[in-house]
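Undergrad: Following this message is one structure expressed as structure tokens.
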Amino acid sequence: MNGIIKKLSKIFNDSPATLSREGVICIPEHVAIIMDGNGRWATARKLPRQLGHRAGAKNLKEIVRAAGQLGIKYLTVYAFSTENWQRPKNEVNALMQLFVDFFLTYDAELALNDVRLRFAGDIDCLPPEVKKTINTAETNSSGRHGLQLIIAFNYGGRRELLRAFQKLAATGIPFDSLNESDISGALYLPDVPDPEMIIRTGGEMRLSNFLLWQSAYAELFSSPKLWPEFTEKDLIQIISAYNKRDRKFGGITSENQNHHG
């Protein structure tokens, strides 16, 4: 923890004592990110959209490194949604190839940082080369014990819930006896805790069908930065803002309880 305090102190040019007093060092266990803005980043520079996606993939490496150093245990990123198939065919094909190239070249760095790769989404209907890449990446990294990087690929929150109910129906369990734990246990990655915070870059204020079940009590943050421009400092500033929020989980704080008691 002292290392984290020193890191934050260096970034914010503030004393470790001040940062500790302000509570900045309370690091969420699970952070989820909607990586929005690659296309707009490219368009603003008069570049093809595909180059925006490549810039976004490069930036993902920096944020993964930062998340691991900060002590975040799970980082889920929204890489390709079930709705993204509606994009132009050449862009979809470029995204699929980028996915394969990215993990073929990135695995050595992930291994060096003890990062485990996991995937959430409807994998079976993906192109064979993409499925092979996913299986290889998960197998190669299964013994790592650092940050778990979860790639939501061909993912949709509604489809995940539909799949969960279909899975439960196949077991023969009566629907009137279902509870929340049953549903959570039928999701893509039932062992992964719900995210404490969800960040969306690019200035939009939508979940876009991302982690609909898991986001019930997540703190939501919108960054005006386009994803290729989002930095480690931006991440830490949002974590600082997260520390200042009052997470009630449907109840009231002890301060309010005492005030109204």
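Glycine is no exception: its Cβ is also placed from the backbone N, Cα and C atoms.
Please treat TrEMBL annotations as automatic predictions, because they have not gone through curation.
Owing to the predicted nature of the structure, the values given are computational and were not obtained by experimental measurement.
Pulled the feature table from TrEMBL, pasting it below:
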BINDING   Asp36, Glu219  Mg(2+) binding site
ACT_SITE  Asp36  active site
BINDING   37-41, Arg49, His53, 81-83, Trp85, Arg87, Arg200, 206-208  substrate binding site
ACT_SITE  Asn84  active site, proton acceptor
Undergrad: Looking at Cβ-Cβ distances, which residues of the chain lie under 8 angstroms from Trp85 (substrate binding site) while being 6 or more apart from it?
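TA: Those within reach of Trp85 (substrate binding site), by Cβ under 8 Å and sequence separation of 6 or more, are Val92.
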Undergrad: Please work out the number of neighbouring Cβ atoms within 10 Å of the Cβ of Gly39 (substrate binding site), leaving out its own Cβ.
TA: 21
Undergrad: By a simple count, how many Cβ atoms lie within 10 Å of the Cβ of Thr82 (substrate binding site), its own Cβ left out?
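TA: Around Thr82 (substrate binding site), other Cβ atoms within 10 Å: 18.
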Undergrad: Of Asp36, Glu219, which of the binding-site residues has the most Cβ neighbours inside 10 Å?
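TA: Result for the most crowded candidate: Asp36.
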Undergrad: So of all those recorded positions, Asp36, Asn84, Glu219, which one's Cα sits nearest to Arg200 (substrate binding site)?
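TA: So, of the listed recorded positions, the one sitting closest to Arg200 (substrate binding site) is Asp36.
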Undergrad: Looking at the recorded positions listed here (Asp36, Asn84, Glu219), whose Cα lies nearest to that of His53 (substrate binding site)?
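TA: The smallest Cα gap between His53 (substrate binding site) and any of the recorded positions is with Asp36.
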Undergrad: Calculate the distance in Å between the alpha carbons (Cα) of Glu219 (Mg(2+) binding site) and Thr82 (substrate binding site), and round it to a whole number.
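TA: Between the Cα atoms of Glu219 (Mg(2+) binding site) and Thr82 (substrate binding site), the distance comes to 24 Å.
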Undergrad: Pop the Cα-Cα gap between the residue listed as 'active site, proton acceptor' and Gly39 (substrate binding site) into the table, whole Å please.
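TA: If we compare the Cα positions of Gly39 (substrate binding site) and the residue listed as 'active site, proton acceptor', the gap is 13 Å.
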Undergrad: Which has the fewest other CB atoms in a 10 Å radius around its CB: Gly37, Trp41, His53, Arg200, Leu207, the listed binding-site residues?
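TA: Each of the binding-site residues Gly37, Trp41, His53, Arg200, Leu207 was scored; lowest Cβ tally within 10 Å is Leu207.
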Undergrad: Using a Cβ-Cβ cut-off under 8 angstroms and a sequence gap of six or more, which residues of the chain neighbour Asn84 (active site, proton acceptor)?
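TA: Correct list: Val92, Leu95.
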Undergrad: Would you kindly give the Cα-Cα distance separating Asp36 (Mg(2+) binding site) and Thr82 (substrate binding site), rounded to the nearest Å?
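TA: Cα-Cα distance, Thr82 (substrate binding site) to Asp36 (Mg(2+) binding site): 15 Å.
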